[in-house]
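Below is one structure, written out as structure tokens, with a few remarks after it.
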Amino acid sequence: MACPGFLWALVISTCLEFSMAQTVTQSQPEMSVQEAETVTLSCTYDTSESDYYLFWYKQPPSRQMILVIRQEAYKQQNATENRFSVNFQKAAKSFSLKISDSQLGDAAMYFCAYRSAVNARLMFGDGTQLVVKPNIQNPDPAVYQLRDSKSSDKSVCLFTDFDSQTNVSQSKDSDVYITDKTVLDMRSMDFKSNSAVAWSNKSDFACANAFNNSIIPEDTFFPSPESSCDVKLVEKSFETDTNLNFQNLSVIGFRILLLKVAGFNLLMTLRLWSS
């Protein structure tokens with residue numbers, strides 16, 4: 001009866017030894033890179049085995065785990081996948097990921113993972129957050145203010161067109177809310193822009209003071225309090241032109257008439273051929 005107990009003890013001991021022997025370490029909690037440049041994410045691991053597999057995964061804001069690249073320990077040649085490549089040093093137990101020509105879509109959390117050849121369980125590192133800074137051409141920083149036409153206590157400030165080196169910080173005023181820096185990528189126009197939004201319900205809220213805790217360029221354009229955008233003016237600018245609508249309807253009607261004439265001629269021709 002002692003044999004089953006011994007076997008269970010052996011299994012538990014083996015599992016504990018495996019969990020203690022295999023570790024994955026990522027020493028870079030966060031890395032940043034300028035768009036189109038190269039960045040390297042480091043990863044080290046500890047194992048007593050000689051046959052195993054290594055992986056790099058990326059986790060975008062959607063939280064989905066996406067396999068980037070894998071490396072078999074028995075292969076001496078480093079794995080490559082388009083712009084992604086690894087530097088695998090088996091003796092040093094190092095497995096770094098190199099990303100060339102960084103794109104905005106590369107921004108994500110990257111996880112290094114280890115898997116034994118005899119165990120399907122993946123062991124992950126803590127992850128490295130990669131931030132890709134857009135390459136802004138000819139930045140022209142400006143702050144615009146929009147007030148609600150129905151309530152003077154509601155105001156929104158848009159800080160836009162600033163370079164990637166500018167950091168946007170939260171306001172010390174608890175009544176002022178500022179979003180994180182976001183990137184507008186208009187690929188059809190080959191144009192990128194950084195932007196951040198601040199808002200408050202305070203009646204004395206002014207855009208000139210909204211970003212006081214952020215280091216912004218000295219040449220940033222600020223509107224005067226009298227020149228803030230009015231919602232009614234914005235809505236009016238999008239009103240349709242009656243004459244333009246009539247012309248569009250006329251063109252559509254003319255095209256329909258031409259199609260009917262062409263269809264009638266085709267029908268008469270077919271009837272003549274059939275007779």
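Think of each number as a place in line: the chain as shown, counted from 1.
Backbone N, Cα and C atoms are what each Cβ position is placed from, and that goes for glycine too.
Checking Cys112, Cys157, Cys207 against Swiss-Prot, the residue bonded to Cys43 by a disulphide is Cys112. In this view, Asn167 (N-linked glycosylation site) is surrounded by 11 other Cβ atoms within 10 Å of its Cβ, with every protein chain counted. When secondary structure is read from DSSP and collapsed to three states, Asn167 (N-linked glycosylation site) falls in the strand class. When secondary structure is read from DSSP and collapsed to three states, Asn248 (N-linked glycosylation site) falls in the helix class. A simple Cβ count within 10 Å picks out one of the glycosylation sites Asn78, Asn201, Asn248 as the most packed, and that one is Asn78.
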